[in-house]
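Per Swiss-Prot, the feature domain 'Obg' maps to 1-159. If you look up Swiss-Prot, you'll see 20-46 marked as region 'Disordered'. Summarising the annotation, Swiss-Prot assigns domain 'OBG-type G' to 160-348. Taken from Swiss-Prot, the feature GTP binding site applies to 166-173, 191-195, 213-216, 284-287, 329-331. Residues or ranges marked as Mg(2+) binding site in Swiss-Prot: 173, 193.
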């Protein structure tokens, strides 16, 4: 199935049914009073996150979604039937934005999450509601309310813990294949990866994380060159970036350091927030070099890019803020287990710190609420 990560649609909820104007007419009841019922509600349009849906391709071909109107009210005080709602299945990670107001309507972040996109109109009142002591035979009823109509932008941003970035043919797809069950297309030509691939990296029964591989970047990507610029947004939800570098390019004229600096420059031009994310350096394709040459190229590369952080052989206790460097061969799996182990440690600690921060903020908010409560001279809260 073709991977589509953007679409524009229009959703229209149904109109409420009109209230009825009707009088009771039965044998032996010649002057029956009003008995017109209310109209039914119009159908609403909902979005639902579905983990089994992974593209917005359906919304490229069907642009308008219209719910049905509610049924009008009936005599004998019978209400009109309400119209059924429409539920639009969308991939987890879909961001929905109102095109008219630029307001974010919803961010679908978990399976089963439901959000109302357009609310159906209420049914009109039947004239039974207008009967009074001075007006025993009212003839007015109210029409149903109009349903909401919205023009929406759908934008899919895949949900992953770790994102891979690098030049085409840096070995990103080979890496995600080596550490997960993902099987992206791999070949010896640029832009083999044409859309994001996700792989679940399982550490044990209780620990796993999701890795995202996007098409390779080239110089000028921030201005639209190549394929990767369209998919950089898919890295915005990640907690960690792995910058994969081909340390042994087939073309001897290619300088890995220049390519790495070009990637960093494109990242900065595209989005400062994305540029500021934690980013580790992964030097790949060591299987193409002997040990001495690999060491020489690593030293030359680190000097050229101005790497001022610990080297793999340094005895150093990594903290959450320090970028890390790894030397691997995704093809032979050399060094990949250590990489996966450290990623898991980092993500586990990151989640723990975020949970502690959220708990502290919640406690501080509760204290502030208590302090704002009015008190008597004795310090006892005044009853509301």
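Cβ from N, Cα, C; glycine included.
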Sequence-ordered list of residues in the chain of residue 329 (GTP binding site) that lie 6 or more positions away and have a Cβ within less than 8 Å of its Cβ, or none, is 284, 285, 286, 287, 288, 335
Report the DSSP secondary-structure composition of the region 'Disordered' (20-46) as helix, strand and coil residue counts.
0 helix, 6 strand, 21 coil
Nearest-integer angstrom distance between the alpha carbons (Cα) of residue 166 (GTP binding site) and residue 173 (Mg(2+) binding site):
11
Between the C-alpha atoms of residue 173 (Mg(2+) binding site) and residue 215 (GTP binding site), the distance in angstrom, to the nearest integer, is 9
For residue 169 (GTP binding site), just give me the three-state DSSP call.
coil
Taken over the domain 'Obg' (1-159), the model's mean pLDDT
86
Once the chains shown are all counted, how many other Cβ atoms turn up within 10 Å of the Cβ of residue 215 (GTP binding site)?
26
For residue 285 (GTP binding site), just count the other CB atoms lying within 10 A of its CB, please.
25
